[in-house]
Amino acid sequence: MDHTRLSQRSVSSAGSGNSNATASSRSLGKYKRVSGNGGVDESLFGPTSDRSARPSENRATRSQKTVRKLEKNEKVEMDSVVITQDEMDRIRRAARAETLNQAESRRREEQEMRAAAQAKAKERKERMLAMEASRKAHLEKSDLELEDEELAAMLHSNAEKAKLEQSDAVKQMNQMTLYAKCVTIRDAQLLEKQMIIKDQQEQEREFERKIEAERNKAIRLAEEREVQKKQERLRGAQIIQTQIQQREQERIREMEQLDMEREAMLKKAEEIRQQEMEREAERKRAAQEMLAEAAQANKEQLERKRQMKQAQEEEEMRIAAYIAERDRKEQERQEELEAEHRRKAEEVARLRAMQEKQNDRAAEMDALRAKRAAEDYERSWRERERAEAARKQQQLEDIQRSRDEMQRQKQAVMSQAAQMEKEQFQKILHIAENMEKKARQRQEFLDEGAKVRYEIEKERMRIEKIKQNKIKDLKTLGVPDKYLAQLQNVKVNVS
């Protein structure tokens, strides 16, 4: 066949490599569906080995029906090839490369299948021959028997064909036939591919012509837009140049103003430093005076403490001497009272003895008078004792009050001394804090120069950042680099 065409359904399983070509051919309408079933016209290639190897009446009937359907189809092109899915699978299996083990295994399986088929065919043939001989022996041939004989002959012929199909020579021819079919299909596919490629090339050429026309139109429009953009860029560049010059002048004025402010700030800082040095010297002198006063106050406080301690010791010695003297006098007075009491008792006893010699009345009167006198004396002595005890108690209370007063005065003096010490300590602490504060302020003042340098560097970085942002904005607007060179070359120098 010179120009063999395949139907879409019959070649859809030929492989993924031909799917695109088949789809393109379907879209171009070059293929025609011949039949919906998988039937094959046996007149084109002859019986295949698979169909001849299975002598089934159903398959034979289906093949005959398929042939009849194909004969009834309208406008069947004679140069078309219709291949079923089974045939295509068989072609693929036959075309697939096999290893030695697979080939050997396949040969053994085929031999076993062939031997089994031959045995079944032989058995069936012998059974049919026996039945035929028995039938001939008993009955004469009728139309039905004639049909059976024809059927048996056909089956025998099919069996012979199947047996022949199992021979190596037939297999080789089948392989050659299969190869021819494959080559035919391949040629058809190649031709189809060439036609598809030709159509695609034609479409691509047409598409390229359209694209070229569109490209030329786009180029013309782009050139017009480019001219407009160039004019706009020129106008924008002029505006930007003007703005750059204005901003440069503003920057110069700002730099001059910053220089003036910086000089004034440095001058003011120098004046503040001189004043701070003078105040620091004054503070040092005042601190030294305060320290000297504090030392003198501490010395006086220590002297007062020593005097107070000495006075307290002397007072305690005087109190101890007074108490000792008082105890001594009290002991002497007690001894005198006891002696006087003994003397009076003796006098009373003597008077009593004298009165005993008188009469009873006179003795009684004398005894009464003596008793009264003794009672008066006893009363007077007791009164004196009470007065002396009260006097002693008053003295003790006075001494205790004196001791309490001395203790209170001592506590007051100690509290006053502690308060003075606390005030002196707070004063010294305040002086030390003031000195530390002044030293810290002086250190901060000395660090002011570093801060000024830091502020200058910070200002320079800020201006540099502004410059870079402006360059970035201009680039975003599409300004060419040649117009940015002047701005890029500006040196940021803050002194």
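The backbone N, Cα and C atoms fix where each Cβ goes, glycine too.
According to TrEMBL, the feature coiled coil maps to 100-127 (among others).
Per-residue pLDDT, averaged over the coiled coil (197-231), rounds to 85. What TrEMBL records for 197-231 (among others) is coiled coil.
Taken from TrEMBL, the feature compositional bias 'Low complexity' covers 7-27.
Residues or ranges marked as compositional bias 'Basic and acidic residues' by TrEMBL: 51-60 (among others).
The compositional bias 'Basic and acidic residues' annotation in TrEMBL covers 382-408 (among others).
With a threshold of 8 Å between CB atoms, the same-chain residues lying at least 6 positions outside the compositional bias 'Polar residues' (409-418) that come near it are 301, 304-305, 308, 312. The feature compositional bias 'Polar residues' is assigned by TrEMBL to 409-418.
Residues or ranges marked as domain 'Trichohyalin-plectin-homology' in TrEMBL: 164-429.
The region 'Disordered' annotation in TrEMBL covers 1-72 (among others).
Residues or ranges marked as region 'Disordered' by TrEMBL: 296-315 (among others).
Per TrEMBL, the feature region 'Disordered' maps to 324-343 (among others). Sequence-remote contacts of a segment are chain residues at least 6 beyond its ends whose Cβ falls under 8 Å from one of its Cβ atoms, and for the region 'Disordered' (324-343) they are 381, 384, 388, 392, 395.
Sequence annotations record features per position, and here TrEMBL assigns region 'Disordered' to 382-418 (among others). The residues of the region 'Disordered' (382-418), classed with DSSP into helix (H, G, I), strand (E, B) and coil, number 37 helix, 0 strand, 0 coil.
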Counting by DSSP, what is the helix, strand and coil composition of the region 'Disordered' (324-343)?
20 helix, 0 strand, 0 coil
